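**Student:** A single structure is presented below for examination.
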C-alpha cells in the first residue's frame, strides 16, 4: 500500500493506494482520528450492485451503515438528487459528528462531498473512489453539482479526511471508463513534466489491459501532480486553474451535448487537443500535435468536436466557464510541456480556431 500526503491550508490528509486495501478502512480512519457517530455511504446504482456487499464485508466498519443509492454518472449531480440526499440524512438523524463515505466514481464523489460540505454547515467525509477518473476528482476538495447552464456551477471547497483507493475496484471497469479516467492522467503529465508525458506515451499503448504496476504508477504520479498544485493553491486563486487544462472546451462540449452523452475524459481529450493547437498559435508551443493526436486515437479517444455542436454555441458555453472574467474566455495553455499559463483569448481568435478545429474534424 502506498500513501501520499495532501497538504492544504485547511487540512492535511492521506491518499492510500493499493490492492485489497478496503479491508484496512476502519484502521485508516482510526489512525487519522476520524471518529463518528453514524456513517452514511452514498453510492451509485452500478457500484452498489457490483461492490456494496463486498464493501460491507471487507471494510471492517459496523454493519449498521446507512446507505443511499443514487443514479449513476452525471445524473447524480442534479439539484433534485442533492436535495434528496440531504433529506435522507435528516430522516436518518445524521448529526455534526456523522461521517459521509463517497463510494463510487467522480460524479458520486462530487455529489457526496457537496452534501457533506453543506449538511449542518459541513460534516466530515472520506472518498473511496472506484474509477480511474476519480483519481483526479477525489483529491483536492472540489465538490459540486451541475446546473443546466454549466457543469459544476454549484459547489464548494471541502477537503476529505482521507482517500482510500482500492485498485481491486478498477478490475471491473469497462474500457470506456478506463479511457475516461486516463485522460486526466494525460492532462497531469502535460502540465507537469515532459518526462512524465514521454514515459506515459511510451508505456501506455493500449487501454484494454493495463498492467497493475503501470496503472498504480500512472495514478500515483497523477495524484502527486495534483497534490503539489493543491498544496500551493487550495481555493483556485492562481496555479490551481492549471488543472483545468483541456477543460474549458470539454465542459462546453459536455453541457451542450447533454451531460452523460459523452464521457468527461473523451471531452477532455478533445479539449486538450484544441488547447494544444491554441498554445502553438498563441504561445509558440513546440510540440508534435499530430503524434499526440495519433496516440490518443490509438487509445480510442475522439479527436474532434462531436457532430451537431456548433462553434457558436460552444463559444457561448465557454463564456460561462468559471475561469472567464467579464465574458472574456480564459484558457489554460502551454508555453512548453510542464509550463502552463492562464491566458485571455480574444473572441475572434477563439472563433477562428474553433471553426478551423471543427472543419478539420469533418474531413
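A Cβ is built for glycine as well, from the same backbone N, Cα and C atoms used for every other residue.
Unlike curated entries, TrEMBL annotations are predicted automatically.
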**Student:** May I ask you to find which of 158, 247 TrEMBL records for the Zn(2+) site already listed with 184, 264?
**Tutor:** 247
**Student:** May I ask which residues of the same chain, at least 6 positions away in sequence, place their Cβ under 8 angstroms from the Cβ of residue 72 (NAD(+) binding site)?
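**Tutor:** Sequence-distant Cβ neighbours: 44, 45, 46, 47, 107.
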**Student:** Mind checking how the domain '3-dehydroquinate synthase N-terminal' (69-179) divides into helix, strand and coil residues in DSSP?
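**Tutor:** Counting residues per DSSP class in the domain '3-dehydroquinate synthase N-terminal' (69-179), I get 48 helix, 32 strand, 31 coil.
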**Student:** Looking only at Cβ atoms, how many others are within 10 Å of the one on residue 151 (NAD(+) binding site)?
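**Tutor:** Other Cβ atoms within 10 Å of residue 151 (NAD(+) binding site): 25.
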**Student:** Mind tallying the domain '3-dehydroquinate synthase C-terminal' (181-324) by DSSP state, helix then strand then coil?
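**Tutor:** The counts are 99 helix, 0 strand, 45 coil.
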